[in-house]
Amino acid sequence: MAEHPPLLDTTQILSSDISLLSAPIVSADGTQQVILVQVNPGEAFTIRREDGQFQCITGPAQVPMMSPNGSVPPIYVPPGYAPQVIEDNGVRRVVVVPQAPEFHPGSHTVLHRSPHPPLPGFIPVPTMMPPPPRHMYSPVTGAGDMTTQYMPQYQSSQVYGDVDAHSTHGRSNFRDERSSKTYERLQKKLKDRQGTQKDKMSSPPSSPQKCPSPINEHNGLIKGQIAGGINTGSAKIKSGKGKGGTQVDTEIEEKDEETKAFEALLSNIVKPVASDIQARTVVLTWSPPSSLINGETDESSVPELYGYEVLISSTGKDGKYKSVYVGEETNITLNDLKPAMDYHAKVQAEYNSIKGTPSEAEIFTTLSCEPDIPNPPRIANRTKNSLTLQWKAPSDNGSKIQNFVLEWDEGKGNGEFCQCYMGSQKQFKITKLSPAMGCKFRLSARNDYGTSGFSEEVLYYTSGCAPSMPASPVLTKAGITWLSLQWSKPSGTPSDEGISYILEMEEETSGYGFKPKYDGEDLAYTVKNLRRSTKYKFKVIAYNSEGKSNPSEVVEFTTCPDKPGIPVKPSVKGKIHSHSFKITWDPPKDNGGATINKYVVEMAEGSNGNKWEMIYSGATREHLCDRLNPGCFYRLRVYCISDGGQSAVSESLLVQTPAVPPGPCLPPRLQGRPKAKEIQLRWGPPLVDGGSPISCYSVEMSPIEKDEPREVYQGSEVECTVSSLLPGKTYSFRLRAANKMGFGPFSEKCDITTAPGPPDQCKPPQVTCRSATCAQVNWEVPLSNGTDVTEYRLEWGGVEGSMQICYCGPGLSYEIKGLSPATTYYCRVQALSVVGAGPFSEVVACVTPPSVPGIVTCLQEISDDEIENPHYSPSTCLAISWEKPCDHGSEILAYSIDFGDKQSLTVGKVTSYIINNLQPDTTYRIRIQALNSLGAGPFSHMIKLKTKPLPPDPPRLECVAFSHQNLKLKWGEGTPKTLSTDSIQYHLQMEDKNGRFVSLYRGPCHTYKVQRLNESTSYKFCIQACNEAGEGPLSQEYIFTTPKSVPAALKAPKIEKVNDHICEITWECLQPMKGDPVIYSLQVMLGKDSEFKQIYKGPDSSFRYSSLQLNCEYRFRVCAIRQCQDSLGHQDLVGPYSTTVLFISQRTEPPASTNRDTVESTRTRRALSDEQCAAVILVLFAFFSILIAFIIQYFVIK
């Protein structure tokens, strides 16, 4: 077994901060039981074996331990943790959780340094012993064999007892049948592997990067799990790390059976095979894990690709293993190995963060080679004529070193070496050398495999004579009580020669001469405990084994002076003035050993001011403080500066300057707008109050043309109102302030003008018409009333009450352009100043001279529909219209129409004209101008018009059907068949009430039905034909007359039974129709007769029918008859009959009211039945109409 690191002192670990958790677990029969102690990756567990030796087990590992008395050793609880008992499936566990929510494991480092005392009360199973760890930890400690040195610490710890394995409720630990069988099969496979591979469980720790172990170590804290064996409970100590810090997982998670089975598969891996073994390299090859365990195939799916981790150890089979490879390859080459070294290599399989148990260790030994390069030889002794060198043997790399080869350059320094010794000894003496001679040496080693490389070259000197006189020491830095000195080696001294130095010092006032202050090999020394500002003499002596040198030349250095003491408090010298005073002060009692170079005076304003400013710096001890403010407090202090530094400040002197009258104020300012007779002034305090508060103000006023000031206000307020002033007048004001010392000077004058009045009314302006479109307006300056006129406003317009501003400015004239000729215009002018606007002048009217007419606008063609001239023909005529232009003051006499002929056409004062005698289908360019007595106006814009071809003749119009509201007209009969193929459009017109013909129809059809006409009314119609050539002439007027209308249908009559043989029939009454009387015809049909018989005809709206028979059905209906009287004679127009009403005559039963009600209800029910019948017919008709329309839309149109 390889050497283990010695155990540290365990007393460093066991402190009172770690509480003790005792977890005894006793089985039911009280016999011995196996306890599994789980060790986390990177942690260690120290135990005592049967032979009495200690062993540290590194994680991850589970150490089975046998408890002779059925109890678990005490468990140390980290500071800030507390145990908690939880129950899971009938098993109680003790879990260590943090006491505070903000527990941070970084504050607990007590377990980093040394392991706990060993556990003597438990015997570990030999097959579960891992190699010694890097860090040794012990989560459990025996309580029975604890030595007395730990007892005081344990007395202050809290001990928590574990609970029984079975709960008090009688619940037992259970698994379902499938999980139980899988667990037993895995346990059997694990035991079989332990039987064939004795040292399987003592494998080194795997890589802690992705270890699935539930035990972690954070900042040195131990989190372990103690799982009980068969029929035992378990205790678990665990803490995790969350987002914000360390969190403790109080839940106990168990791996599912599939994960356990997969771990067993990953553990079934054979050891690697070493090949191509060299001195410093080796090739390792291995195979993936086998899916067969003891002849059985694992039920879990076998992955195609594994991850592997290779672990090697050079300290024995149970030594410390380290990870050298992590990847998916099955062979690697290890480099940087040590020659002739025994190595143990293991491989561990991994898949999806699940790791198996490492394989068995493959043992291989690297080959031997030449020795390593030795270290340079070191000098053991030197004289004037010899050097004795020694060296240490390097690593022999598996073969014993036979000879050492020592080479030197013979003191020549040319870089050429020769052998001076070869042998097995480790020292050699070189003789016959010269004093102070320098030689270079190098060393190599030789064994059976070859010679190593040479070591680094070293230079050594032989001893010489006594040292020469060194140079004088140099001052590097001086202090108040110390001096730092430095010196150098004497010239010609070998670099490796050991020389010592003696530093001697003499104080000039002591009289004792030079005394040694330092004796050693250093080249610098600081002499302390000196006096300030004092001169000291120094010299240095060098010596070696041969003797002492002569002393160096004496040098003299002076210590620094100390800072001076605090100066005396300054005092006032002479009288204190308002703006200055003089102060003086005395020097400090202690000047610090140096002359005072200067004094600095600082001053702060205010009795408690802390803002100090330097006002003086110099050697004199008095100063004049000037440029001060009257009536203010000032604090003064002084400090001094010498070569030793700056002293502290003295006590402060408080001085107050006397007050003076205040300084001048700023001129008063106007507040608000000035009024005509008063102004309001406001001012502020003076910038300088003279050191005393302002008590009052005085305001004086004088007219600007006279310098006769008079006081208008005196008081403490900062504003006043001055009244009784003249408007538009300028006044001068000045101000002064007063305090307890009197009035100060006046301020500068401030000129303020009272509010002026608006300007006076301007005189009527003068208007001069320069042309028909331009006029010049002039006006004069009115009285300004205290202010200058800034601008004038000229209003101009064609209506006296509606004028607009056409000019606004300082000028006295304005030219208005763009006027209309022969037009009356009105104008007025107004003056404005900064105060306001004066009244307008009187209104002046002017008339511009007349001119030629304006340009004719809106020249356009008149459409054929708008022309009422019967002689108009679009083929030979063109109708134009225009708007009358402005006559510009002279009446328009005529218009001149230019349409392309050599001579223009002149027409009278009209706005439309028909140009006749033109050529059909010809384009003409037409323009027009107006003429008056002054001449012709400009031509209008030109338009292009074209005459139409000759149109067809109108057809003959006739009435083919008529009613009292409709007339159906037809045309086109008798037309030649050749025209039937032409695309002729027809335009039907009818005369309205005003005697004008309006359009009724325009289209290709030959019939048209005129609707919504009045009865017995004559209407005039005319028609014209149109084709591509244009519209033909209108036909002659045709007159058609509508007949009179018949009365409307009446509602169903109402029947009321009078007695068994008489009933009364009533119906609605109609008004006379246009003066024609209306009579009624009542018909009845008895029983099953097929014809109605008239029983009444007359103007009444009711009739009593007295021929009723019992138990018979009667049907009644009525119609209205219009009696007309015209030129043809008397004529009756019979309207449609009403709805038939059924009446059944029955014998009247007493009481009479009951029978009447029965007849009434019967009549009503019959009437309602007929109405319902009509409604049903109407609904059915609407439904069929919609259905037919849908069919036509879907099958015909689409």
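Glycine too: its Cβ is placed from the backbone N, Cα and C atoms.
Residue-level annotations in Swiss-Prot identify, among Lys322, Lys384, Lys944, Lys993, Lys384 as N6-acetyllysine. The candidates are Ser213, Ser873; Swiss-Prot tags Ser213 with the feature phosphoserine. Lys384 (N6-acetyllysine) falls outside any helix or strand according to DSSP and counts as coil. Across the domain 'Fibronectin type-III 5' (664-757), the DSSP tally of helix, strand and coil residues reads 0 helix, 40 strand, 54 coil. Long-range C-beta contacts of Lys384 (N6-acetyllysine), restricted to its own chain and to partners at least six residues apart, with a cutoff below 8 Å, comprise Leu433, Ser434, Pro435, Ala436, Thr462, Ser463, Gly464. Within the model, the domain 'Fibronectin type-III 3' (469-562) carries an average pLDDT of 89.
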